[in-house]
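Report on one structure; see the data block that follows.
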């Protein structure tokens, strides 16, 4: 038996994010579905006021986890152009696709051919025309420089060492003046022996050394352990 929705309202802080309230008092966040009737990762579809919303699962998306943990700044709105490094099978990119809408664009880089095929099936083949799929290695931005034009945001979520360096290298290529970067730090992918807080500090220092001002840092527990989201802006 499904629980009835009693209200859907815009998030008080974040453009394109909605808060769904259910009759049992629980709340979830969601985005307005750019491709109504279609799911990406088995998420719940919610109809309200003539629109359809996709529930945004914080256990499947680091950005959703950061928002629920109080992230104040998400530099993504309608029409934003984004370079997304580590697109995987498309969970978070699909919600960003909803937010940026038809006038936005997401250049989505994924290294694994198998996962890339899954990304294509779930997003591109399902009609998300604001997604540009790129099979490539985020460590070498020159390999896809001919595909990507200047972007407003570079977002990275990769399970590799030197995550901040990879982000900064891509920002040097593609980030417009005044643009933002969003770094998901996966501490265990960098150093399994060091405390996560030390790894976070190390990656943040790398961004500072590369000319970024750190605007906000949010830890992602309980949704993901030893993870943090960092928002920064190029000086």
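A Cβ is built for glycine as well, from the same backbone N, Cα and C atoms used for every other residue.
Pulled from Swiss-Prot:
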- 91, 92, 110, 111, 137, 138, 157, 158, 159, 160: S-adenosyl-L-methionine binding site (BINDING)
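The Cβ of residue 157 (S-adenosyl-L-methionine binding site) lies under 8 Å from the Cβ of 62, 84, 85, 86, 88, 92, 184, 186, each of these being in the same chain and 6 or more residues away along the sequence.
Cβ-based neighbour count (10 Å, all protein chains) for residue 110 (S-adenosyl-L-methionine binding site) stands at 27. Secondary structure at residue 110 (S-adenosyl-L-methionine binding site), as computed by DSSP, is strand. Here the binding-site residues are 91, 137, 159, and the one with the most other Cβ atoms within 10 Å of its Cβ is 91.
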